[in-house]
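First the structure, in the form of C-alpha cells, and then the observations on it.
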Ligand code: SAH
Ligand code: F3S
C-alpha cells in the first residue's frame, strides 16, 4: 500500500494541489451583445485553468467579474448600479475581488479604478489571457489593469466553458473588432480593429459542439460578412498579403459553407450582417445548404439617405432595398430583422418618415430599436450636436416600435396553417406544459410538450400567433432529428 502511494507521489500531490485550488469561486455576469456573453465563456475557460469554478451565487464568490457594455449610456448606468450591489456584498465578504471586463473597461480605463473604489481590476476585450497575471497583481496589492487592444487576438486557441447553457445552442465567435466606424458607434473604440479567426479552429469548435450534443451554432462577429482569413492579421492589411495568401483566403461565404458541410445536421446561424459588406454569394450559400437558417439580422439604422451618410453607413436606401429584393428573390421565406436608431443628430420629421416608409417596404419580422445616445469619443459626439430633444426621440421611437409590431404581426400571420421546423430549446416561459424553440426564421414557437425533449427537431403546425410568437402543435419529428 505504502509502495503504491510512494510510486504515485507526484501524481497524488498534483491532485491534492488541484483540489485546493479548485475551491476558488468565480461569479461572472454579462451585459450587452452576444459577443460579450461569448467572451465570458472564454474568460471562464482561462480562469478554470487557474482553479476557478463558476458559481451562480454572488455571495459565495472569491472573484466577481462583470462583462460590460458601452453601446448606450443606459447600458453603462445599469452596470454602475450593479457595482453598488457588489459593494454591498463586499462589505459582508471583504476578501471578494471585483473586476470589470469588456467595453466599459476599455472605454474608461484607469478612470474606473479612480471612480469606482470597489473595482480591483480592469480588463479590456483583447486582454483576457493576461487575467492570471492581473490577479497576482491584485493579490500583491497593485493596480491591475490591461486595456491593450490587439491586432491578432481571436482566442481561437481557447475552448470556451459554456455558461448558462441549454446544451443545445451555442455562440462561436469568428471575428473581433469592427472597422466600419459608424459615427454613432463606440464599438470600434472599445473592441479595436477587425480581425478574423482561423477557420480550422472554428470548424473544430463546431465539431466539438456537435459531439457534445449541441444542435445549433451562431457564428458571431460585429460584422460577419467581412470575415476574411488569409493566415491571420488585420482585415485592413489584406492588400499586403502574398499572392498565395490571397488565392487561398477564406471569405464569409466560404466559411459558412465549410461549417454547413462539416456538420450537415447542425443548424447554422450568424450575426451580425452589415448591408454594405453583405454579398450575394452569402445569400446563395444560405440557399444551397438546408442547415443554414433562413434568417438575416440586417441593421439599417435609418431610412433616410442623408442620415445614413451622416452615420457613415456606406450604402444608400436604394442599395439596401435592392439587397432586400435579392434576398427575397433567392430565399423567398427568409426572415429579416433590423436595428434602428431614432433621433440621430439633425434627424428631421421627414427623415423619420423615410424610416417608417423603409419599414413599410421591408416589413421586417422583428427588430431592435433605440433612441440615439451620444457616446464620448465617437465622430458624432465630436462633430455633431445631439440636437433632437429627448421627447422627440422617444416619440419617434414609439412610432417605429408600433409599426414594427404591426409588421411582426403580419409576418407571424403568414405562418398560420403552415408547418415549421422547431429546435426545442427550453420550457416556455408562460407555461411549463409547453416547449419553446425557434423556426429557421428565428421566430419563437411554443407548443405542448407531449413526449418531445429539449434538443429535438420537431415539425409544428402553427394554429395561432401573437406578434412575437407562433403557437402550434407538434405533428412529428422533422427529417433532421
Ligand atoms: N454590428 C454590431 C452592432 C453593435 S451595436 C452588431 O453586432 O450587432 C447594436 C446596435 O445598437 C446597432 O445596430 C445600433 O442600432 C445600436 N446603437 C449603436 N450605437 C448606438 C448609439 N450611440 N445610440 C443608440 N443606439 C446605438
Ligand atoms: Fe458599430 Fe457600425 Fe461596427 S454599428 S459595430 S461601427 S458596423
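Placement of Cβ uses the backbone N, Cα and C atoms for every residue, glycine included.
Those TrEMBL annotations? Automatic predictions, nothing curated.
Marked as [4Fe-4S] cluster 1 binding site by TrEMBL: 33, 69, 103. Just so you know, the Cβ of residue 33 ([4Fe-4S] cluster 1 binding site) picks up 20 other Cβ atoms within 10 Å once every protein chain is counted.
Under the heading [4Fe-4S] cluster 2 binding site, TrEMBL lists 178, 182, 185. Of all the Cβ atoms in the protein chains shown, 23 others lie within 10 Å of the Cβ of residue 178 ([4Fe-4S] cluster 2 binding site).
Looking just at the domain 'MTTase N-terminal' (24-140), the mean pLDDT is 95. The domain 'MTTase N-terminal' feature in TrEMBL is assigned to 24-140.
Annotation source TrEMBL lists domain 'Radical SAM core' at 164-411.
Here TrEMBL flags 413-476 as domain 'TRAM'.
The Cβ of residue 185 ([4Fe-4S] cluster 2 binding site) has 71, 178, 375, 378 as same-chain neighbours under 8 Å, each 6 or more residues away in sequence. Residue 103 ([4Fe-4S] cluster 1 binding site) falls within a helix when secondary structure is assigned with DSSP. Across the domain 'TRAM' (413-476), DSSP helix (H, G, I), strand (E, B) and coil residues number 1 helix, 36 strand, 27 coil. The highest number of surrounding Cβ atoms within 10 Å, among the binding-site residues 69, 103, 182, is found at 103.
Under 6 Å, Cβ to nearest atom of ligand 2: this is the test, and of the binding-site residues 33, 178, 182, 185 it is passed by 178, 182, 185.
Taken in sequence order, the binding-site residues 69, 103, 182, 185 that lie near ligand 1, meaning a CB under 6 Å from one of its atoms, are 185.
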